[in-house]
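Participant: Quick paste from TrEMBL:
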type	residues	note
DOMAIN	A:24-129	domain 'PurM-like N-terminal'
BINDING	A:ASP25, A:THR39, A:ASP69	Mg(2+) 4 binding site
BINDING	A:ASP25, A:ASP69, A:ASP190	Mg(2+) 3 binding site
BINDING	A:ASP41, A:ASP112	Mg(2+) 1 binding site
BINDING	A:ASP41, A:ASP69	Mg(2+) 2 binding site
BINDING	A:HIS48, A:ASP236, A:TYR281	substrate binding site
BINDING	A:GLY111, A:ASP112, A:ARG138, A:SER192	ATP binding site
DOMAIN	A:143-234	domain 'PurM-like C-terminal'
BINDING	A:ASP193	Mg(2+) 5 binding site
2 protein chains.
Amino acid sequence: MDELAFIAALRGLPLHPGAQNLRDDCALLEIGGETMVLTHDAIAEGVHYRPGTDPADIAWKLVAVNLSDLASKGAEPIGVLIGAALIDGSARFVEGLRDVLEHHGVTLLGGDTVRPQGPATFGCTAIGRATTTPVPARTGARVGDALYVAGTIGAAMLGFRAGDGAAYLRPQPLLAEGRALAPLAHAMMDVSDGLLLDASRMAAASGCTASIKLNAVPFPTDLSTDDRAEATRWGDDYALLFAATIDAVLPVPAVRVGTMLAAGEHPLLVDGKAAEGSLGYEHG
Amino acid sequence: MDELAFIAALRGLPLHPGAQNLRDDCALLEIGGETMVLTHDAIAEGVHYRPGTDPADIAWKLVAVNLSDLASKGAEPIGVLIGAALIDGSARFVEGLRDVLEHHGVTLLGGDTVRPQGPATFGCTAIGRATTTPVPARTGARVGDALYVAGTIGAAMLGFRAGDGAAYLRPQPLLAEGRALAPLAHAMMDVSDGLLLDASRMAAASGCTASIKLNAVPFPTDLSTDDRAEATRWGDDYALLFAATIDAVLPVPAVRVGTMLAAGEHPLLVDGKAAEGSLGYEHG
């Protein structure tokens, strides 16, 4: 069973209304007049990081990818629970955890440890507080909206190739940007699996077709023109992709990369044509 | 770095006040006048279940051990987030997840999937709502309190030996009992790692010595006298251990197994003597 079939099977279980039918990166929980935003992402050796990676970088990435999901909902982080594999270099894991928590002003709430019998898997649950209502979902984009990106697309790919990997291993969740954008975003998500794949997911969830112009995408200045197509299919950048009106006054830097059209034959057009091949990182 | 050293290192990080200095099974989060109770436990192949275990039983155990932590705080479960390994038999995993969620009236909030490169690790975060204030912690036992157990000690061991393992693989979190007991429990925890180990932990956290009478422990009727000592060192029963006044009027069946004494040389006495050897299941 692949990931999509598994998630489809999970949709037949008793779901919390805030699970949003498992079609968003976060769950919403209404408590005492507040809306809590919850997300759980796991990362595994050999899948999300290479064997031999500095455990400090594993810890950073583990927390950062979860905070990025909160950022995409405009949520203010409260704390994280960590499911930590006890591996060689756990002291470095704790150092990386300190770095990422202190950098983002987040606290540790608790967790668990497991001594793995093979390649390690780490889990993190991040809990935040919504700062705007409604919380922007994947499903809210409207025909005629502009599609925008805050952050850049391609830095993680360059970092991975260079082998130093700050951008790949130490992504920066755009928490302040997410909070600033949430009130005007009709739909928002982080670009974790590739711009084209994530844009097509937002379009499908919203009943639209996303039309993206490649030369409008905010690539890093050191990305060559030849690498642009690949960079739009590469994940791990943790930029924010959002849909808003074409005349939205943007409170933080973001660039328009396309338009939401009425749903057509394909959920995604790139420079007017249906995108071919893999659009990004499909799990499992 | 073993589990205790790792957790000690985590205590140097920015902790949420509700993390209770990582000395409890759950974290507490005050939101809008409510207290949320949060826990995250992971289970791993070869550690918490045998290779070849029916994935439906893995799913049950994964959720049940987390619900048991909520039970020990008297919390009413709201939902769970699952970090699921995609393994052979994922359809059975979904079936077991349905069983445990429906049995306990709990909903799925969300989660993530990972395709493991070796033995699988599964994570679960359970979220509940406190039903009493203060929420019983490990630290609240008082000198002169009686120590009680709700549930039995040893059924998991018998199930494991028998190989059918309903008690071992499908533990029953005592949610209703926990809610009923929370208002009168000075301290409460679930017996996940062995009665003696968990009692010594409660005693140490509360600054007491726990004195337990072996023949007062509620063993299953089919447990032989010879197995009693081992059963008190065996985990996975998910009974509730709590401290309350000796004249407490118990709202649900529970038996007194001992007394909290002023802190002495050892945190735990069994039949008046310091317990020797391993007290239970020490992780990592």
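Just so it is clear, glycine is given a Cβ too, placed from its N, Cα and C backbone atoms.
Source: prediction; values computed, not measured.
Map these features onto the structure and tell me what's around them.
Facilitator: Under the DSSP three-state reduction, A:ASP25 (Mg(2+) 4 binding site) is assigned to coil, being neither helix nor strand.
Of all the Cβ atoms in the protein chains shown, 25 others lie within 10 Å of the Cβ of A:ASP25 (Mg(2+) 4 binding site).
Taking a C-beta cut-off of under 8 angstroms and a sequence separation of 6 or more, A:ASP41 (Mg(2+) 1 binding site) has the following same-chain neighbours: A:LEU62, A:VAL65, A:ASN66, A:ASP69, A:GLY123, A:CYS124.
Cβ environment of A:HIS48 (substrate binding site): A:LYS61 lie under 8 Å away, each six or more residues apart in the same chain. A:HIS48 (substrate binding site) carries neither a helix nor a strand DSSP state and counts as coil.
Taking all protein chains in view, 20 other C-beta atoms sit within 10 angstroms of the C-beta of A:ASP193 (Mg(2+) 5 binding site). DSSP classifies A:ASP193 (Mg(2+) 5 binding site) as coil under the three-state reduction.
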Participant: My list of binding-site residues is A:GLY111, A:ARG138, A:SER192; which of them have a Cβ under 8 Å from any chain B Cβ, in sequence order?
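Facilitator: In terms of proximity to chain B, the binding-site residues that count are A:GLY111, given in sequence order.
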Participant: How long is the line from the C-alpha of A:ASP25 (Mg(2+) 4 binding site) to the C-alpha of A:ARG138 (ATP binding site), rounded to the nearest angstrom?
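Facilitator: Rounded to a whole number, the Cα-Cα distance is 8 Å.
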Participant: Of A:ASP69, A:ASP112, A:ASP236, which of the binding-site residues has the most Cβ neighbours inside 10 Å?
Facilitator: A:ASP69
Participant: Restricting to the same chain and to sequence separations of six or more, state which residues have a Cβ under 8 Å from that of A:ASP190 (Mg(2+) 3 binding site).
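Facilitator: Expected: A:ASP25, A:SER68, A:ASP69, A:ALA71, A:SER72, A:PRO173, A:LEU174, A:ASP198, A:TYR238, A:ALA239, A:LEU240, A:LEU241.
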Participant: Measure the Cβ-based neighbour count of A:GLY111 (ATP binding site), defined as the other Cβ atoms within 10 Å of its Cβ.
Facilitator: 26
Participant: Spatially, which candidate from the binding-site residues A:THR39, A:ARG138, A:SER192, A:ASP193, A:ASP236 is nearest to A:ASP112 (Mg(2+) 1 binding site), comparing Cα atoms?
Facilitator: A:THR39
Participant: At a 10 Å cut-off from the C-beta of A:SER192 (ATP binding site), count the other C-beta atoms across all protein chains.
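Facilitator: Here the count is 22.
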Participant: Taking only C-alpha atoms and a 10 A limit, tell me which of A:GLY111, A:ARG138, A:SER192, A:ASP193 are near A:ASP236 (substrate binding site). These are the binding-site residues.
Facilitator: A:SER192, A:ASP193
